[in-house]
Amino acid sequence: MVESLLVFAVALSVHAVVWDRFSWCALALAIQAFYVQFKWDRLLQQGGAVFQFRGAANSGLLPASMVIPLLGVVMKERCRAAGIVYFERFGVVVASTGMLLALFLSVLAVGITKPMPTNTCILTGVAGSVIVYTMKHSLTVSEVIEVLEVLLIFVYLSMILLYLLPRCFTPGEALLVLGGVSFVLNQLIKRSLNVVEGRGDPTDFLLLVAVVGVVLLGLFFTVFFIFMDSGTWISSMFFHMMTAVLGLGVIMPWLYRLIQRNPVFWLLQFLFQTQTRLYLLVYWTFLAASACGVVFYQNAKRSSESKKHQASTITRKYFHLIVVATYVPGLIYDRQLLYVAAVLCLAVFIFLEYVRYFRIKPFGQTLRHLLSLFLDERDSGPLILTHIYLLLGMSLPVWLFPRSCAPKGTLPGAGALVPYSGVLAVGVGDTIASVFGSTMGEIKWPGTKKTFEGTMTAVFAQIIAVALILIFDSSVNLNASYAWILASVSLVSLLEAYTTQIDNLLLPLYLQIMLMA
């Protein structure tokens with residue numbers, strides 16, 4: 001209930017600043033998602049939710065349902081203020097798509113609930129009517145087709161991935177992850193069919209191709225290894241061979257068509273373009289080696305008598321500190337390089353997870369042993385996703401920053417902190433809350449294991465971090481929007497205390513929405 005109230009507070013705060021016809025839709029969607037969320041929770045408890053979702057968490061439908069619509073609304077408003085019509089319309093499409101995906105998930109929950117909940121059905125029907133009516137008067141025919149395409153991709157991806165990957169997601173996490181992948185796939189198809197030489201940023205195309213490429217790679221091998229054992233040398237050789245074939249024969253030509261130049265030469269020229277980039281790459285290589293060193297050291301400490309020993313919360317937060325040390329210099333000195341490096345790192349992380357999951361020789365079993373030490377209750381499915389969620393939480397504010405609507409490279413006021421949303425919410429806030437809460441916290445928030453002391457120190461630490469950003473990043477000018485920043489940080493820190501969803505993914509998105517508003 002408190003989590004829902006916090007989500008309502010964020011939604012009302014955003015629409016108090018940005019009020020338009022989509023505000024009515026978002027509020028109607030939030031109210032019906034609040035009611036449907038309890039139906040999903042009951043289905044999860046009774047085991048009647050069609051697919052197997054992650055346990056030890058609620059459905060998360062309400063917080064997830066608000067993310068994409070609110071992100072589209074604030075993006076639309078920022079681009080409208082900058083006079084960029086194309087991206088203003090893009091924000092409208094994002095908001096409409098998010099609402100339709102959330103409504104579909106709500107209808108699914110209502111449809112499989114027995115007996116049929118009459119009041120919830122009425123609320124869902126009213127919310128659906130408001131959303132469809134607004135879309136009819138806000139979208140062009142081509143935009144409506146685009147929204148429906150994303151919905152269709154989402155339906156098929158949900159049926160396939162939720163069946164193949166049981167207990168990896170809650171319904172809300174599935175909405176965010178699969179909705180995002182569906183949108184990326186649709187954008188890639190759209191841009192591939194309408195290639196105009198010299199139009200579009202190659203870094204954006206790299207993100208689209210990388211995400212779609214690794215997802216298609218995973219789907220291909222998941223289906224293939226149903227028919228044969230993936231742990232043999234023959235299967236492993238086939239895995240590596242087909243990865244090279246798909247990479248060089250599909251992904252590279254696809255990227256070449258989009259950027260109109262050799263992807264390898266472009267990437268090498270981009271990475272080593274300036275001396276600053278070379279220094280950053282060397283520094284990041286050192287941090288990556290340090291992270292690997294932590295993994296090997298913690299595994300070396302694990303004795304044969306304590307095979308069930310798991311890494312402590314404080315130990316896992318070492319990686320949060322390493323990620324903060326990685327992202328802050330990139331945000332200050334070269335955000336474009338950070339953008340590309342994060343895309344490449346995501347592709348490597350997902351590829352290594354495939355190697356671990358399929359037990360691909362020679363490193364699959366070793367990765368299983370090394371990473372088992374860092375598992376927690378959120379890794380209840382066959383995939384280990386927490387480290388990927390951490391990378392996504394830090395990178396999404398960088399990837400989703402509306403660069404075309406910020407002519408000077410930054411947004412005015414609190415919007416200047418948008419790229420730092422992941423650093424503030426996860427790297428600083430979540431880390432400090434966990435460390436101080438687990439070591440010194442005594443007063444627990446009602447109904448949770450989180451502590452009052454942890455939340456307050458998280459808020460205080462994020463305010464200090466904002467002050468340091470102001471000192472070291474000359475492009476940030478807050479224009480006296482300190483009260484809004486304090487309210488945003490406080491709401492997101494409270495949400496961290498009460499949410500049972502993956503906070504590494506959810507918190508940066510909510511902080512980004514608040515700062516962009």
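Heads up, the Cβ atoms here are built off N, Cα and C, so glycines get one too.
Features of the protein shown, as given by TrEMBL:
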type: TRANSMEM; residues: 56-74; note: transmembrane segment
type: TRANSMEM; residues: 86-110; note: transmembrane segment
type: TRANSMEM; residues: 147-165; note: transmembrane segment
type: TRANSMEM; residues: 205-226; note: transmembrane segment
type: TRANSMEM; residues: 238-256; note: transmembrane segment
type: TRANSMEM; residues: 276-297; note: transmembrane segment
type: TRANSMEM; residues: 318-333; note: transmembrane segment
type: TRANSMEM; residues: 339-359; note: transmembrane segment
type: TRANSMEM; residues: 380-400; note: transmembrane segment
type: TRANSMEM; residues: 420-440; note: transmembrane segment
type: TRANSMEM; residues: 452-472; note: transmembrane segment
type: TRANSMEM; residues: 484-511; note: transmembrane segment
Other parts of the chain folded back onto the transmembrane segment (276-297), taken as Cβ under 8 Å at six or more residues beyond its ends: 315, 318-319, 322, 325-326, 329-330, 333-334, 337, 341, 370-371, 373-374
Positions on the same chain near the transmembrane segment (484-511), where near means CB under 8 A and six or more residues out: 2-3, 6-7, 9-10, 13, 56-58, 60, 63-64, 67, 71, 170, 172-173, 176-177, 378, 385-386, 389-390, 392-394, 396-397, 413-414, 417, 421-422, 424-426, 429-430, 433, 445, 447-448, 450, 454-455, 458-459, 462-463, 466, 478
The transmembrane segment (380-400) versus listed stretches 86-110, 339-359, 420-440: most Cβ pairs under 8 Å: 339-359
Winner by Cβ pairs under 8 Å against the transmembrane segment (318-333), considering only 56-74, 86-110, 205-226, 238-256, 420-440: 420-440
For the transmembrane segment (339-359): best-contacting stretch of 56-74, 86-110, 205-226, 238-256, by Cβ pairs under 8 Å: 205-226
Outside the transmembrane segment (86-110), six or more residues from its ends: residues with CB under 8 Å to it: 22, 25-26, 29, 32-33, 36, 39-40, 43, 50, 59, 61, 64-80, 116-117, 120-121, 124, 127-128, 131, 135, 138-139, 143, 146-147, 150-151, 154-155, 171, 175, 179, 182-183, 402, 404-405
Region pair the transmembrane segment (238-256) / the transmembrane segment (420-440), three or more CB pairs under 8 Å: no
Outside the transmembrane segment (56-74), six or more residues from its ends: residues with CB under 8 Å to it: 3-4, 7, 10-11, 14-15, 18, 20, 22-23, 25-26, 29-30, 33-34, 36-37, 40-41, 44, 91-99, 101-102, 105-106, 109, 170-173, 175-176, 179-180, 377-378, 380, 400, 495, 499-501, 506, 509-510, 512-513, 516-517
Cβ contacts under 8 Å made by the transmembrane segment (420-440) with residues that lie 6+ beyond its boundaries: 313-314, 317, 320-321, 323-324, 327-328, 331, 390, 393-398, 450-451, 453-455, 457-459, 461-462, 465-466, 469, 489, 492-493, 496-497, 503-504, 507-512, 515
